[in-house]
Amino acid sequence: MTGARPCAAEQRGPRERGGGGGRGSGGSCAAAAGGMNGARGAGRALAALLLAASVLSAALLAPGGSSTPDVDKKRHVELKMDQALLLIHNELPGTNLTVYWNYDGCYQCLLQVLVHASRSGKPGKPSVAAVAVGTQHVSILQLNDTVEDKELCRLEYKFGEFGNYSLLVKHAPDGASEAACDLVVNEKPVDSDLPVTVAFLVGLALVIAVSFLKFLWSLEDFNNWISKAINSRETDRLINSELGSPSRAGDPQPEAWRPSAAPLRLRCLDTFRGVALTIMVFVNYGGGRYWYFRHSSWNGLTVADLVFPWFVFIMGSSIFLSMTSILQRGCSKFRLLGKIAWRSFLLICIGIVVVNPNYCLGPLSWEEARIPGVLQRLGVTYFVVAVLELLFFKPVPESCASERSCLSLLDVVSSWPQWLVILALEGIWLALTFFLPVPGCPTGYLGPGGIGDLGKYPNCTGGAAGYIDRLLLGDHHIYQHPSSAVLYHTEVAYDPEGILGTINSIVMAFLGVQAGKILLYYKDRTKDILVRFTAWCFLLGLISVALTKASENEGFIPVNKNLWSISYITTLSAFAFFILLVLYPVVDVHGLWTGTPFFYPGMNSILVYVGHEVFENYFPFQWRLGDSQSHKEHLIQNLVATALWVLIAYVLYKKKVFWKI
């Protein structure tokens, strides 16, 4: 998912733009036992303490923070975030050097000229060239004789942020080669990952503390001690208001709960959606400017690449569960079709508004308005999958709903018409991807273009996927800052939410439908549900291994978020089934975790998504940093902003405010 906000794009580059598709499905609740509703209180406390955790992170990180060296006065090189200073000491008399550089993660890339180092003037007085090098990945350095363009030495090294290094180039003492290159650390780098570690430990400590308080609250002796310490009248009032009063229709249910007779309200799905949404907000706001919280430049996966497919998957599960409930209540298919079309239309319209903000650069020009986007893709995917399920809808067999005689593969066999359509769509994706002729590019090209593939196909970014978008939508109506530009220096526009990738988005949503059918067909049969989740997890995982050859770049179809490749779909779907395999028994069956605090944004996903986009550049979600080149300060800001949206979702939940489309 990639954002199109002009102001933000200049600040953070390509970002994840994930959205939700409504409230999803969940279960009903039962009142907690034991005097006071401890879990409810703990949920309230945990949501409120998210801000405190962020502030505590800031307090812990502040003393250990090291200031950014603004300028190396001797060499006049200004270091920015994720950079180190490299001094090239050329002790070779009469030999000018050209230093080439690139990251090892840039697959089959041309090395780029980093700096020129002039020849040494006098023996013992080497010439020195200073340059900033990247620290995010392992660097490849190659030194060539400038005149003869002959390689003198080559090395790989992982530089540390704000470190100071010297590369000594001199005659080899053994005479076996013309030059020897030795790397020396002048000043040790800072530990740029320390803020993430501290923030994680603070969050873990908070979870342990709240869990311990919940455990104490569940103890009868502790409860009695608390009750004696509180004024009896106040205690009676609290007990009556929290547990004694009957729940009114529409009231939010207490957090300490057990599933009851309403199977369509599964809390694990809302929790899963909330986890994805919280991660999405964090990475969209910058993720502390760490590379692993940004999108992969081309093949491979980072944290930011996970959330959008999970939204699509959960949306598929919700489609089947909600549709079954609506049709069982007597709603006609024709009326439901109208609701599906209207909701899809609204998602697309809201998406176009969100990806084309005009308050940064003045009035929007329709000639440059971006058409694809996250909500647009969700809208199209929702329409296709929902209509497909509506056309071939079959009521859940009574044998599955009430007995243990349901066929082992009925959840799959009953969907054979839908499977035929999905397989046909996947066949179309494969045919267009590998057989559509693209002018100036090899047929079936899946690469990033730019300097990748040794620079042979600089304008072929995305192959058929990019070509179709540019042909049907035009260069100016798709995303202008793709993540491939980071490593591969691509110059053509490419949209990761483009037309061709929507086909695999539909496939992903249909796999989510299958998860929903498992949950409904085998309800109250936990073992059968978990067995099927496990089977899907292994099946999709094996398909991913076969397609990728268990490698990042060498497979038949690599895992690629920009292309939404089929291996990307199978891999993320396997992860999704695994997460449900964990969440369903923990949250819905045994009630060991209520889903707090992620349950709250999961219940209001569209509002949180649109809100975090609209108010991104406003206080208190963003403020001027004391050191804009500090991971620590960016991380604190992004954690506070994310915690605020979780807190907002909690307050809205308690006020029974939900934005439904």
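Start at 1 and count along the chain as shown; that gives each residue its number.
Just so it is clear, glycine is given a Cβ too, placed from its N, Cα and C backbone atoms.
No curator has checked TrEMBL annotations; they are predicted automatically.
According to TrEMBL, the protein has these features:
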- 1-26: region 'Disordered' (REGION)
- 45-65: transmembrane segment (TRANSMEM)
- 196-217: transmembrane segment (TRANSMEM)
- 265-385: domain 'Heparan-alpha-glucosaminide N-acetyltransferase catalytic' (DOMAIN)
- 274-292: transmembrane segment (TRANSMEM)
- 307-328: transmembrane segment (TRANSMEM)
- 340-359: transmembrane segment (TRANSMEM)
- 379-396: transmembrane segment (TRANSMEM)
- 416-436: transmembrane segment (TRANSMEM)
- 499-522: transmembrane segment (TRANSMEM)
- 529-547: transmembrane segment (TRANSMEM)
- 567-586: transmembrane segment (TRANSMEM)
- 598-615: transmembrane segment (TRANSMEM)
- 635-653: transmembrane segment (TRANSMEM)
Highest-contact recorded stretch vs the transmembrane segment (274-292), from 196-217, 499-522, 567-586, 635-653, CB pairs under 8 Å: 635-653
Region pair the transmembrane segment (340-359) / the transmembrane segment (567-586), three or more CB pairs under 8 Å: no
Top partner of the transmembrane segment (529-547) among 196-217, 307-328, 416-436, 499-522, 567-586 - counted as Cβ pairs under 8 Å: 567-586
Top Cβ-contact partner of the transmembrane segment (196-217) among 416-436, 567-586, 635-653 (pairs under 8 Å): 635-653
Local confidence of the prediction over the domain 'Heparan-alpha-glucosaminide N-acetyltransferase catalytic' (265-385), expressed as mean pLDDT: 92
Tally of DSSP helical, extended and coil residues in the domain 'Heparan-alpha-glucosaminide N-acetyltransferase catalytic' (265-385): 87 helix, 2 strand, 32 coil
Long-range neighbours of the transmembrane segment (567-586), counting only residues six or more past its ends (CB under 8 A): 266, 268, 271-272, 275, 301, 306, 309-310, 313-314, 504, 507-508, 511-512, 515, 519, 526, 529-530, 533-534, 536-538, 540-541, 543-544, 547-548, 555, 557-561, 592-593, 595
Long-range environment of the transmembrane segment (499-522) - Cβ separation under 8 angstroms, sequence gap at least 6: 25, 263-264, 266, 309, 312-321, 324, 372, 377, 380-382, 384-385, 388-389, 396-397, 400, 406, 410-412, 414-415, 418, 422, 425-426, 428-429, 432-433, 464-465, 468-469, 472-473, 528-529, 532-533, 536, 540, 563-566, 568-569, 572-573, 576-577, 580, 584
